[in-house]
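S.K.: Below: one structure in structure tokens.
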Amino acid sequence: MQNIYLCLTAFARGTYPDDAAIAGAFDELMSGDAPDAAIGGFLVGLAALGERPSDIAAGARALRSRMTRIEAPVGAIDTCGTGGDGKGAWNISTTAAIIAAGAGATVAKHGNRAASSKSGSSDVLAQLGVKLDCPPAAVERSLAEARVGFLFAPAHHAAVRHVGPARQALKVRTVFNLLGPLSNPAGVKRQLLGVYDRRWLVPIAEALRDLGCEHALVICGQDGMDELTTTTGSDIAELRDGDIREYSFHPEEAGLALVREADLQGGTPADNAAAIRALLDGQQGAFRDIAILNAGAALVLAGLATTIPEGTSLAAAAIDDGRAKAALMRMVAISNGEA
């Protein structure tokens with residue numbers, strides 16, 4: 001555990017360790033040999049100084065090196081965000097993934113159980129009939145045939161269990177709250193990535209650049225939502241071909257009316273699954289609007305739209321002509337082993 005202790009010594013002095021020590025420490029954390037006290041000390045020490053983009057990228061590399069990988073078509077995207085915004089909203093990024101798949105994108109949707117809401121992506125997809133523990137070959141088939149597959153984080157990231165007890169004991173956010181979206185098992189290079197605090201917009205974009213991402217929209221609603229919101233504007237850090245630019249986007253640019261936060265409140269996994277079914281059957285309202293907005297951004301990343309407003313229109317059409325619902329139904333069938 002040499003690198004962890006080198007890092008702890010540096011943290012105690014109020015200084016950053018060198019990059020090699022940080023990278024080595026992350027490897028040691030996920031090896032299963034580090035004591036919980038050392039893991040906790042490393043995570044708190046890094047958080048106290050502030051996680052830099054290079055630190056975040058190092059953690060993601062360590063996680064990626066141990067994950068169970070799947071193959072995805074070239075150009076596949078992910079809509080997984082950090083979660084943890086405390087808003088308790090509908091499962092927006094999951095719904096956006098389904099809609100984007102219906103519109104022609106290939107979406108390797110990485111996700112987990114609920115972080116701060118009542119319903120995480122895996123919770124609602126299970127309610128919709130998706131089998132979470134299907135083998136990698138079934139996920140790959142789903143990506144090929146349904147254009148959407150669910151990559152259940154615990155099934156692909158077994159090494160994370162080694163830091164679980166220390167994280168639970170700390171009860172504070174650490175770098176691991178940021179690493180999941182950076183560690184897609186399909187190795188996607190295009191991402192719509194919502195963060196729970198706008199201070200992470202540029203650092204996450206820089207970490208993605210370090211990790212070889214081609215095109216990403218790192219987003220945070222000005223209401224604190226880790227999505228493109230429809231209650232107000234959203235802030236975006238866009239990474240494209242190595243360059244990062246910051247700008248804001250307002251839902252009215254896509255022809256969408258502003259709503260109240262209360263209009264976006266989700267419920268239990270069963271509640272949210274029922275809402276997704278209704279949306280895919282054509283129900284209008286605030287949930288549809290925020291879902292097509294985020295799906296529209298995903299379609300920009302997939303190269304199927306040039307602007308978010310254009311993508312939003314394409315997303316709406318995929319609902320209205322039944323393609324989005326068909327994508328979900330095919331994903332459910334494949335995950336359950338049906339021909």
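Note that Cβ sites are derived from N, Cα and C of the backbone, with glycine treated the same way.
Swiss-Prot feature annotations, pasted as is:
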- Gly81, 84-85, 91-94, 109-117, Ser121: 5-phospho-alpha-D-ribose 1-diphosphate binding site (BINDING)
- Gly81, Asn112: anthranilate 1 binding site (BINDING)
- Ser93, Glu227: Mg(2+) 1 binding site (BINDING)
- Arg167: anthranilate 2 binding site (BINDING)
- Asp226, Glu227: Mg(2+) 2 binding site (BINDING)
S.K.: How many other Cβ atoms sit within 10 Å of the Cβ of Ala114 (5-phospho-alpha-D-ribose 1-diphosphate binding site)?
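M.R.: Cβ-Cβ neighbours of Ala114 (5-phospho-alpha-D-ribose 1-diphosphate binding site) within 10 Å number 16.
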S.K.: Which has the fewest other CB atoms in a 10 Å radius around its CB: Gly81, Gly111, the listed binding-site residues?
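M.R.: Taking Gly81, Gly111 as the binding-site residues, the minimal 10 Å Cβ count falls on Gly111.
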S.K.: Hey, what's the Cβ neighbour count for Glu227 (Mg(2+) 1 binding site) at 10 Å?
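M.R.: Total other Cβ atoms inside 10 Å, all chains included: 27.
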S.K.: Sorry to bug you, but what's the C-alpha spacing from Asn112 (anthranilate 1 binding site) to Asp226 (Mg(2+) 2 binding site), rounded to the closest Å?
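M.R.: One finds 15 Å between the Cα atoms of these residues.
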S.K.: Non-local Cβ contacts of Ser117 (5-phospho-alpha-D-ribose 1-diphosphate binding site) (under 8 Å, 6 or more apart, same chain)?
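M.R.: Counting only residues 6 or more apart in sequence, the Cβ neighbours of Ser117 (5-phospho-alpha-D-ribose 1-diphosphate binding site) under 8 Å are Gly83, Lys87, Gly88, Ala89, Gly266.
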S.K.: Reduced to three states, what secondary structure does DSSP give Thr94 (5-phospho-alpha-D-ribose 1-diphosphate binding site)?
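M.R.: It is helical.
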S.K.: Rounded to the nearest Å, what's the C-alpha distance separating Ser93 (Mg(2+) 1 binding site) and Gly81 (5-phospho-alpha-D-ribose 1-diphosphate binding site)? Just drop the number here, would you?
M.R.: 8
S.K.: Of the binding-site residues listed here (Thr94, Gly111, Arg167), which is spatially closest to Glu227 (Mg(2+) 1 binding site) when Cα positions are compared?
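M.R.: For Glu227 (Mg(2+) 1 binding site), the closest Cα among Thr94, Gly111, Arg167 is found at Thr94.
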S.K.: State the Cα to Cα distance, in Å, between Thr94 (5-phospho-alpha-D-ribose 1-diphosphate binding site) and Arg167 (anthranilate 2 binding site), rounded to an integer.
M.R.: 26
S.K.: Measure from the CA atom of Asn112 (anthranilate 1 binding site) to the CA atom of Asn91 (5-phospho-alpha-D-ribose 1-diphosphate binding site) and give the result in Å, rounded to a whole number.
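M.R.: Taking the Cα atoms only, Asn91 (5-phospho-alpha-D-ribose 1-diphosphate binding site) lies 12 Å from Asn112 (anthranilate 1 binding site).
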S.K.: Near Asn112 (anthranilate 1 binding site), which residues of its chain come within a Cβ-Cβ distance under 8 Å, counting only those 6 or more away in sequence?
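M.R.: Listed in sequence order: Gly83, Gly120, Ser121, Ser122, Phe152, Ala153, Pro154, Gly180.
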S.K.: Enumerate same-chain residues with a sequence separation of six or more from Arg167 (anthranilate 2 binding site) and a Cβ-Cβ distance below 8 A; give 'none' if the list is empty.
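M.R.: Spatial neighbours, sequence-distant, of Arg167 (anthranilate 2 binding site): Leu43, Thr174, Phe176.
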